[in-house]
Amino acid sequence: MENHEPDGTIIKENLTDIIARKINQLPEAERNLLENGSTYVGLNAALCGLIANSLFRRILHVTQARIAAGLPMAVIPFLTANVSYKGFVSLPLNTGDLQCETCTVTRGGLVGLVFGGLYPVFLAIPVNGGLAARYNSALLPEKGNILNYWIRISKPVFRKMLFPILLQTGFAAYLGSRQYKLLIKALQLPEPGLEIE
């Protein structure tokens, strides 16, 4: 018996190769946006993380360990948003699995909202809470009131972070739309090496 690959795998590889060749025909600026769009979403997520970190540090009166708290608040949201945008939007677009502009915009917006906006704010809570407990900079609650305390502390931060979160969501959705249009433009280009008479 011979080991054969299913026909779908061969078609998928050919489709991926065709899309990659077409993308390489785009001008450099457009190709850069198509290939590195997830990095821009990650940079915005890192900025949201630093803003949330700063707001929680002010509320909890934490003045020590600026770099120790700022570094993970920039790096972790950057990596998370970058990888999730690449996995949910860029990779499916480049492999032909995502073929609907509305789906691309929705996926991009959701990744921007969850991983680029909300996740950095939620990540700032334990980071700065741990620093406040370590340096005794704020009066922390008793065991029974922990949830109410963090909800009360987080409300003003979420109000102030509303604009950056919405901006991140809108930016990621716009980027998804732009990448979809660039991919359609690339697919309409003639095959390299073919001469049209």
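Glycine too: its Cβ is placed from the backbone N, Cα and C atoms.
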Item to check | Shared topological domain relative to the membrane, GLN25 and PHE158, Swiss-Prot | outcome: no
Item to check | Long-range Cβ neighbours of the transmembrane segment (59-79) (under 8 Å; 6 or more residues past either end) | outcome: 42-43, 45-46, 48-50, 52-53, 115-116, 119-120, 123-124, 127-129, 131-132, 135, 137-138, 153, 156-157
Item to check | Cβ contacts under 8 Å made by the topological domain 'Mitochondrial intermembrane' (129-160) with residues that lie 6+ beyond its boundaries | outcome: 52, 55-57, 59-65, 69, 121
